[in-house]
Structure formats: structure tokens, C-alpha cells
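To keep things clear, I will list the structure first and then write my remarks on it.
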Amino acid sequence: MQNSFQTRSESENRGPLIVIINGTVTGVAAAVVALRLVSRAAIVKRLGLDDWTMAAATVTAILNVVIAGLGKHDGTVPSTNLVPAAKLRYVTHIVYTLITGLIKASICLLYLRLFPNLRGLTRGTIAFITAMTTAIILATIFQCSPVDAVYNPHKYHHYLCFASIPFWYATAALSLVTDLWILILPVRTILGLQVGKKKRLMVVGLLSLGSFACIASIVRMVYIVKLYQSTDPSWSTFGVSVSSGIEVAVSIIAASLPGTKPVIDLIFPRLFSTTANKSHTPSQGLYANRMSHTAHRSHRQHDEISLVHLTTKEGDPGESDSTTTVSHA
């Protein structure tokens with residue numbers, strides 16, 4: 001019976017499944033980001049700092065899929081592989097923190113272009129995220145003295161590490177709080193828009209994606225608790241790895257979908273069309289076309305995320321003082 005259990009344990013390996021799941025969702029996210037970059041570079045003719053930041057986050061997410069395998073029982077991992085496996089978990093923590101920090105920063109940089117009335121709060125949020133991400137990465141790197149004792153403790157007779165379990169609980173909770181803050185930051189402005197049903201559904205859909213990313217973050221916190229209570233950490237990394245991959249991918253997709261609108265408009269010109277568009281008047285809402293001085297439109301002026309007119313419910317659409325005009329940063 002014991003030999004049968006040992007054979008079954010040795011054959012169990014969830015590493016490939018981790019790579020398949022995370023590789024799939026990250027591949028979809030990378031495709032959306034690629035579409036966003038094509039839209040911005042080829043049609044809008046302008047790449048913003050938020051685009052570059054999201055591209056960096058996507059590249060880092062792909063790297064994380066490559067290095068974050070694991071998925072075997074600790075007892076079946078050869079002793080020569082224990083240190084490399086621990087080092088892998090160590091690097092994964094650092095890379096994950098960098099990815100989520102870049103995604104949050106990219107979304108906030110997008111807000112700077114979209115919502116000038118939120119610039120103060122948005123800049124404060126960017127400063128906080130930058131400080132938080134830097135602090136977590138540095139704390140992760142130097143959590144032990146000597147540094148490599150975190151993944152190779154048997155190398156030293158004496159070493160010092162801070163309590164890592166409360167630290168990871170705290171950082172996961174802090175990451176979730178910032179996710180929720182970024183999600184709700186523009187809600188009041190968006191709900192005040194006078195837009196058609198189709199565009200309102202689009203906005204609700206994007207916010208729902210952001211909410212799903214927050215749910216994935218909560219699930220990740222649950223798996224982190226289970227991981228640090230587990231006597232088989234290599235095997236128990238499955239839940240944390242998959243929920244982290246889904247959280248990152250959904251966040252990237254939700255933040256990048258608005259940027260794909262120019263190329264989608266070219267392929268499906270009637271998808272986002274409205275009566276206002278057909279009458280050649282400027283559309284009011286989240287995705288208005290940018291008008292040239294000669295009143296002629298071109299692909300170059302078609303910026304999917306210019307909020308040319310944000311008309312609130314409280315104001316009259318025809319009154320200039322009830323309309324927020326947004327220029328490009």
C-alpha cells in the first residue's frame with residue numbers, strides 16, 4: 001500500500017497544468033495588449049506612458065509563466081532540486097509584485113488621460129503604488145540575512161529572517177485594497193456620463209472584468225493562507241500560482257480593452273455606432289472621436305480613450321458648464 005501511494009505521489013505533477021492554465025490566460029492578455037499597441041501606434045499614432053507600462057507588465061507576466069512551474073509533492077522532489085525550487089518561489093514573489101505594480105500604475109496613468117478631474121487623487125495613488133511596490137520588492141529580497149538564506153537555509157548555521165507569513169498576508173491584503181480603490185476611483189465620474197445603452201453596457205462590462213480580477217485576488221489570499229499552513233508547499237503552490245496568473249491576466253485585459261477600440265472600429269465599424277455618429281456630430285460619452293480643426297476625421301485623430309465630452313446627469317447636455325472637456329496628456 002505504501003509503495004502504491006509513493007508511486008502515485010511521484011507520478012503526480014501539477015506543474016504542466018499550472019503552465020497550461022497560466023500560459024493560456026496570459027496568452028489571451030498578451031493578444032489584447034498587442035491589439036491595443038497596434039491601435040495606438042498605427043491608428044491613433046500615439047503611444048502613451050500607460051501603453052508602455054502595460055507592455056512591460058505583459059512581458060513580465062510572460063516571464064512569470066515560464067519560471068513559476070512547481071506543482072510536485074515535496075517528498076518527490078530530488079534533494080538536489082530543493083534549493084532551485086525554493087529559489088524559484090523566491091523569484092516568483094518578486095516578479096509577481098513587479099507585475100501587479102506595473103498594471104496598477106498603467107491603469108492610473110490611463111486615468112490621468114481620461115479623467116482630469118481626478119488627477120490629484122490619481123497622482124497620489126501612483127505615488128503610493130510606486131512606494132508600496134518598491135518597499136515590498138526590497139523587503140522580499142532582503143527578508144533574510146544573509147540574503148540567500150531564504151532559499152538555502154541549510155547553508156548557514158546562523159541566519160536571521162523576519163516573519164514571512166504575516167508579511168505575505170499583509171501584502172496580499174494591501175494589494176487587494178489598492179485594486180478595489182483603483183476600481184472605484186472613476187465610478188462616480190463614469191456613472192455621471194450621459195451615454196447610450198450600448199456604451200453604458202461596455203463600461204459596466206469593463207468594470208465587471210475589474211471586479212473579477214479583485215475576486216481572483218481574494219481567492220489568491222485564501223490560497224496563500226493554505227500554502228503557509230501546508231506541510232507540502234511545492235504541491236500547494238498550485239492554487240496560489242493559478243489564481244495569481246488569472247488575476248494578472250484579467251487585470252491586463254480589463255485595462256487594455258478600451259485601447260483596442262480604434263482597430264475594432266475599422267474591422268466592425270457598426271459595432272459602436274450610434275445615431276450621433278451617423279449624423280456626423282461629436283458623440284458624447286467614453287469613446288468620442290477627436291475632431292480636427294477642419295472638422296474632418298482621420299484615423300490619426302481617432303483616439304479611443306479621449307473623453308472629449310463628459311456630460312453629467314445633473315447638467316444640461318447643451319450647456320458648456322456641465323461638460324468636462326478632456327485634452328490628451
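Quick reminder: no glycine exception, Cβ is built from N, Cα and C everywhere.
According to TrEMBL, the features are:
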TRANSMEM  17-39  transmembrane segment
DOMAIN    35-264  domain 'Rhodopsin'
TRANSMEM  51-70  transmembrane segment
TRANSMEM  90-112  transmembrane segment
TRANSMEM  124-142  transmembrane segment
TRANSMEM  167-191  transmembrane segment
TRANSMEM  203-223  transmembrane segment
TRANSMEM  235-257  transmembrane segment
Tertiary contacts of the transmembrane segment (167-191) (same chain, 6+ residues out, Cβ under 8 Å): 93, 97, 100, 104, 107-108, 111, 114-115, 117-118, 121-122, 125, 128-129, 132, 136, 139, 143, 203, 207, 210-211, 213-214, 217-218, 220-221, 224-225, 228, 251, 286, 310
PLDDT averaged over the residues of the domain 'Rhodopsin' (35-264): 83
